[in-house]
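Trainee: I'd like to ask you about the structure that follows.
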There are 2 protein chains.
Amino acid sequence: MQRLDSRDPAFGDHFARLLAVKREVAEDVDETVRAIIADVAARGDEALVEYTSRFDRLEVGPETLRVSEREIDAAVAACPREALDALDLARARIETFHRAQVPADHRETDALGVTLGWRWTALESVGLYVPGGTASYPSSVLMNAVPARVAGVPRVAMVVPTPDGVTNPLVLAAARLAGVDEVFRIGGAQAVAALAYGTATVAPVAKIVGPGNAYVAAAKRRVFGQVGIDMIAGPSEVLILADASANPEWVAADLLAQAEHDPAAQAILITDDDALADAVARAVEGQLATLPRAGIARASWRDYGAIVRVARLADAIPLVDRLAPEHLEIEAQEAEALAARVRNAGAIFLGAHTPEAIGDYVGGPNHVLPTARSARFSSGLGVLDFMKRTTLLSCTPEALRALGPAAVTLGRAEGLDGHARSVAIRLN
Amino acid sequence: MQRLDSRDPAFGDHFARLLAVKREVAEDVDETVRAIIADVAARGDEALVEYTSRFDRLEVGPETLRVSEREIDAAVAACPREALDALDLARARIETFHRAQVPADHRETDALGVTLGWRWTALESVGLYVPGGTASYPSSVLMNAVPARVAGVPRVAMVVPTPDGVTNPLVLAAARLAGVDEVFRIGGAQAVAALAYGTATVAPVAKIVGPGNAYVAAAKRRVFGQVGIDMIAGPSEVLILADASANPEWVAADLLAQAEHDPAAQAILITDDDALADAVARAVEGQLATLPRAGIARASWRDYGAIVRVARLADAIPLVDRLAPEHLEIEAQEAEALAARVRNAGAIFLGAHTPEAIGDYVGGPNHVLPTARSARFSSGLGVLDFMKRTTLLSCTPEALRALGPAAVTLGRAEGLDGHARSVAIRLN
């Protein structure tokens with residue numbers, strides 16, 4: 001963990017260095033991924049079965065690639081009641097929040113008689129990638145599938161690798177709760193290829209969403225164009241703005257909740273209070289002693305953690321906007337006023353009783369959020385990611401007479417006489 | 001041009017082949033582009049000046065990279081009044097249409113005392129790429145810059161190469177009309193790099209939009225992540241649905257308005273009327289004789305044009321959804337009813353008096369639209385492309401007590417005890 005002070009003459013350089021830190025080493029897997037995609041596109045199920053045997057050590061046939069409803073029933077039955085109830089509470093709140101995001105269509109007829117507007121439609125189908133193994137999170141299934149359902153996507157397919165045949169029952173339970181239509185026990189670049197190009201068993205989709213490892217990310221980049229993709233997520237981040245009113249143990253717990261994700265995660269505290277800074281630094285060390293994932297959290301805090309001291313909390317606003325954090329917590333007296341001045345953040349958590357983990361699970365807003373400073377130009381996942389807008393235009397003969405001459409002029413000015421003619425031919 | 005008939009037993013294969021046609025040869029310029037970007041990122045203005053000399057044969061210094069207000073004044077003075085008036089009409093209509101797209105913020109407090117919602121903010125800065133030479137379209141300047149302005153982007157910078165020093169005065173006039181703040185006479189991968197990484201003269205932006213050649217497209221793909229980018233546009237397309245009521249000369253003019261863009265453009269007619277199909281085919285040949293860009297349009301129509309005969313126009317709907325055309329014109333009796341059944345199209349033009357060229361210039365909707373079947377999963381350019389959404393969450397102590405236990409349960413179920421602890425520590 002490094003400590004910075006905005007009153008230090010070299011602060012500008014220090015902060016620029018903090019901003020520039022690359023927390024991800026991009027593995028060069030592109031050639032491997034290219035070959036897998038081409039193979040699945042050419043040989044379909046046969047290739048899927050082979051790769052699943054090779055990478056997941058799982059023998060399946062085309063007829064068992066899909067997880068049956070009975071298997072999902074059994075998985076649900078194997079989940080603790082308490083966890084199912086918590087998942088269902090999460091689903092209901094996520095659904096309510098996202099329902100408010102359903103966009104309105106628009107249509108009007110202007111004074112010239114031009115009718116214009118737009119219409120939103122759901123994507124025809126979506127594929128949801130869910131990682132296997134330890135990073136297989138039922139909460140992420142809900143965060144991806146529920147907005148798709150709210151958007152009205154008629155077909156939601158999910159792929160989840162089951163290395164050595166091991167499935168996470170809560171992941172299947174979340175799929176059931178969220179209304180996922182089809183689940184396939186495939187993963188890696190081969191699953192992305194199947195969703196993009198289709199096989200006899202896996203029908204192709206229009207868009208692929210969800211997190212994955214370097215192979216999955218490279219495969220998504222590669223099939224982009226053939227299908228839509230969501231953002232490529234990087235390691236998670238939290239930035240906490242806190243003043244003397246904050247509880248240092250709570251702040252430390254929130255920093256560590258982020259750090260435990262990944263050695264490449266980043267947790268930063270910005271404060272105007274030296275005593276809080278010191279107390280949080282001590283509390284982090286204290287809590288690490290008893291944290292199950294202390295190894296991961298300690299590495300993240302050591303390599304990427306930071307405590308930044310500013311003269312006044314208002315001075316932090318331009319720093320926040322440059323960092324453009326995925327998660328911003330504000331535990332300070334003037335939380336609302338500070339939040340109102342922030343331009344770049346994926347999600348803001350206001351006040352001492354709103355730890356980010358509430359938002360990860362049951363708050364209602366989406367936990368799929370822009371990382372690596374991309375909150376400067378992008379939003380978290382939402383209903384709009386599962387819909388697209390078609391604009392509409394309709395002219396009466398009179399409207400065309402009013403607007404046509406300007407279109408003819410511009411078409412000719414751009415050297416596109418065919419454009420001009422397609423209008424002029426209707427004006428005679 | 002090929003003719004297909006849905007009543008032909010082999011139609012399924014023929015249509016699948018039409019869908020699969022690749023109209024673009026991807027030039028492999030990635031290594032060149034990588035080197036240029038690295039060089040501009042390292043050497044800044046010095047590299048920009050060198051590349052501009054080399055590629056555009058234009059000698060500039062850092063102090064003349066930016067186009068001065070006096071030069072823009074002079075360009076505006078050099079434009080015909082009629083063209084300026086047409087551009088201003090276009091600007092006003094584009095602005096009015098896009099104002100209706102400004103999204104609403106949302107905030108509510110639920111029964112548990114959780115306040116949640118979201119806030120939309122404009123991107124802090126945007127860079128607009130405008131091609132030089134013959135594909136330098138003032139209308140595209142308006143279509144990209146006006147929505148950025150409507151979104152409230154405080155800084156809109158534009159780059160436009162001026163090969164051999166040649167500028168298009170209407171492009172500069174459009175920039176002035178649209179309220180572009182800065183114009184730089186640079187292009188290619190070097191301009192994209194300058195916008196992404198910044199130089200002493202060109203401040204970096206948060207997102208780069210606008211069309212360009214293979215080098216520009218490769219550069220945009222490469223800087224994605226460092227900045228946001230818009231879609232990578234492919235060759236333009238129109239699909240016209242027409243019945244016996246359509247005027248074959250008008251339909252032919254609309255097909256050619258598309259075909260004249262690019263030898264790789266695609267124009268398709270689907271009709272339920274043999275007489276119309278034949279008349280349109282004849283009219284296309286007739287009109288080609290007098291079209292200034294006949295060479296381009298003829299190549300496009302020959303290589304990628306198609307007339308598809310269906311038994312009933314309603315049978316065309318699934319074909320439309322599979323083609324997912326950038327532009328869909330419906331010149332038929334039941335235009336509205338047919339349009340209502342279409343899921344995948346970038347923009348729909350309804351009725352015989354709405355040639356697509358009206359939408360290219362003065363209709364109001366954006367002419368930057370998804371190509372190459374990407375209307376299955378994406379929308380045309382709009383105000384939302386220049387804004388991003390930050391979600392907000394705030395719990396009272398009581399709300400946290402109500403929601404906290406479920407979050408603790410899910411955190412533990414996912415093996416993220418630090419998440420669970422950050423909530424539990426506040427519940428005691």
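Backbone N, Cα and C define each Cβ position, glycine as well.
Per TrEMBL, NAD(+) binding site is recorded for B:TYR129, B:GLN190, B:ASN213. Summarising the annotation, TrEMBL assigns substrate binding site to B:SER236, B:GLN258, B:HIS261, B:HIS327, B:ASP360, B:GLU414, B:HIS419. Here TrEMBL flags B:GLN258, B:HIS261, B:ASP360, B:HIS419 as Zn(2+) binding site. The annotation active site, proton acceptor is assigned in TrEMBL to B:GLU326, B:HIS327.
Tell me about the setting of these features in this model.
Mentor: DSSP gives B:GLN190 (NAD(+) binding site) a helix state.
Non-local neighbourhood of B:GLN258 (substrate binding site): B:SER236, B:GLU237, B:VAL238, B:ALA265, B:GLN266, B:ALA267, B:SER300, B:HIS327, B:GLU356, each in the same chain, at least six residues away, with C-beta under 8 Å from its C-beta.
According to DSSP, B:HIS419 (substrate binding site) sits within a helical segment. Its own atom aside, the Cβ of B:HIS419 (substrate binding site) has 30 Cβ atoms within 10 angstroms in the protein chains shown.
Its own atom aside, the Cβ of B:GLU326 (active site, proton acceptor) has 29 Cβ atoms within 10 angstroms in the protein chains shown.
Cβ neighbour count for B:HIS327 (substrate binding site): 25 (other Cβ atoms within 10 Å of its Cβ, all protein chains included).
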Trainee: Name the secondary structure element type, per DSSP in three states, that contains B:TYR129 (NAD(+) binding site).
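Mentor: In the DSSP reduction, B:TYR129 (NAD(+) binding site) maps to strand.
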Trainee: Check the DSSP secondary structure of B:HIS327 (substrate binding site), expressed as helix, strand or coil.
Mentor: strand
Trainee: Could you check which of the recorded positions B:HIS261, B:GLU326, B:HIS419 is the closest Cα neighbour of B:GLN190 (NAD(+) binding site)?
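Mentor: Given the candidates B:HIS261, B:GLU326, B:HIS419, the nearest one is B:HIS261.
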Trainee: How many neighbouring Cβ atoms, not counting its own, are there within 10 Å of the Cβ of B:TYR129 (NAD(+) binding site)?
Mentor: 27
Trainee: Measure from the CA atom of B:GLU326 (active site, proton acceptor) to the CA atom of B:GLU414 (substrate binding site) and give the result in Å, rounded to a whole number.
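Mentor: Rounded to a whole number, the Cα-Cα distance is 43 Å.
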Trainee: Write out which of the listed binding-site residues, namely B:SER236, B:HIS327, B:ASP360, B:GLU414, lie with a C-beta under 8 A from a C-beta of chain A, sequence order kept, or 'none'.
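Mentor: Correct list, in sequence order: B:ASP360, B:GLU414.
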Trainee: For the binding-site residues B:ASP360, B:GLU414, work out the Cβ neighbour count at 10 Å and name the residue with the minimum.
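Mentor: Among the binding-site residues B:ASP360, B:GLU414, the sparsest Cβ neighbourhood within 10 Å belongs to B:GLU414.
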